[in-house]
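**Q** Sending over a structure as structure tokens; questions will come in a sec.
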Amino acid sequence: MNKNLPLSERERALKIIKILKSTYPRKNHVSGDPYKTLIRCIISQRNRDEVTDRVSEELFKRYPTIESIASASVEEMQNFLKSLKVGLWRSKGKWIVETSRIILKKYNGRVPDKFEELIKLPGIGRKCANIVLAYGFGIPAIPVDTHVYRISRRLGLAPWDASPEEVEERLKSLIPREEWIYVNHAMVDHGKSVCKPIKPRCWECPLRGLCPKIGVQDTSSQ
DNA sequence: CTCCCGATAT
DNA sequence: ATATCAGGAG
């Protein structure tokens, strides 16, 4: 399905991955706990990592098991999240409890390792489903979060008007399966430090020689 | 497309 | 004051 692409496109993608790897060396970490990965992913939506870390820790301290979360009422979970000052606490509280109940009852407490099943869970969309596959199970997947989305398009790896899903398919066609999980790691690291949404630090970017800077507004000064 | 939500970066 | 943050649902 992806054999008609010009070789140079894939070569460029490979070159990008190679440079990212030497800049942001990181082992593909598999959590070994898909359930915690999934809950963390719900909490992480539209949040900074520091918030996600803090809230996840408090959540699992108060509710150590899937059973304890599933048996909490939605309102109780919402109030708990609210007390921790997480944004979107109403949605997230509902999703965390309901998804946990479904996993417990329908899947006997085992998080499904199929995309089609994961995406049916409340609060689990494409990105979280792929996160669970990649980081919970170690199954090749490319979670397209805000960083992967932005950077892929700036690099011209996907059209500027592509949807997140289209970016995901495009990356999958360009990048060998063994590197899929790494893509998210690399672009998140790169996106937070250099290829930032506002005022990216293009002058110190290891990819500047390969980048058309699509959609980049301001590359000047600090 | 809008809403959900509070905190922080710019 | 506005944009953005490891998005997803209606």
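Placed from the backbone N, Cα and C atoms, the Cβ positions cover glycine too.
Remember, TrEMBL labels are computer predictions, not curated facts.
Annotated domain 'HhH-GPD' per TrEMBL: A:43-193, in sequence order. The [4Fe-4S] cluster binding site annotation in TrEMBL covers A:C195, A:C202, A:C205, A:C211.
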**Q** Just counting, how many other CB atoms are there within 10 A of the CB of A:C211 ([4Fe-4S] cluster binding site)?
**A** 18
**Q** According to DSSP, collapsed to three classes, what secondary structure does A:C211 ([4Fe-4S] cluster binding site) have?
**A** coil
**Q** Within the domain 'HhH-GPD' (A:43-193) only, compute the mean pLDDT.
**A** 96
**Q** A:C205 ([4Fe-4S] cluster binding site) has how many other Cβ neighbours within 10 Å of its own Cβ?
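**A** A:C205 ([4Fe-4S] cluster binding site): 19 neighbouring Cβ atoms within 10 Å.
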**Q** Should A:C195 ([4Fe-4S] cluster binding site) be counted as helix, strand, or coil on the basis of DSSP?
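**A** Looking at the DSSP assignment, A:C195 ([4Fe-4S] cluster binding site) belongs to neither helix nor strand, so coil.
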**Q** Which of these binding-site residues has the least crowded Cβ, counting other Cβ atoms within 10 Å: A:C195, A:C202?
**A** A:C202
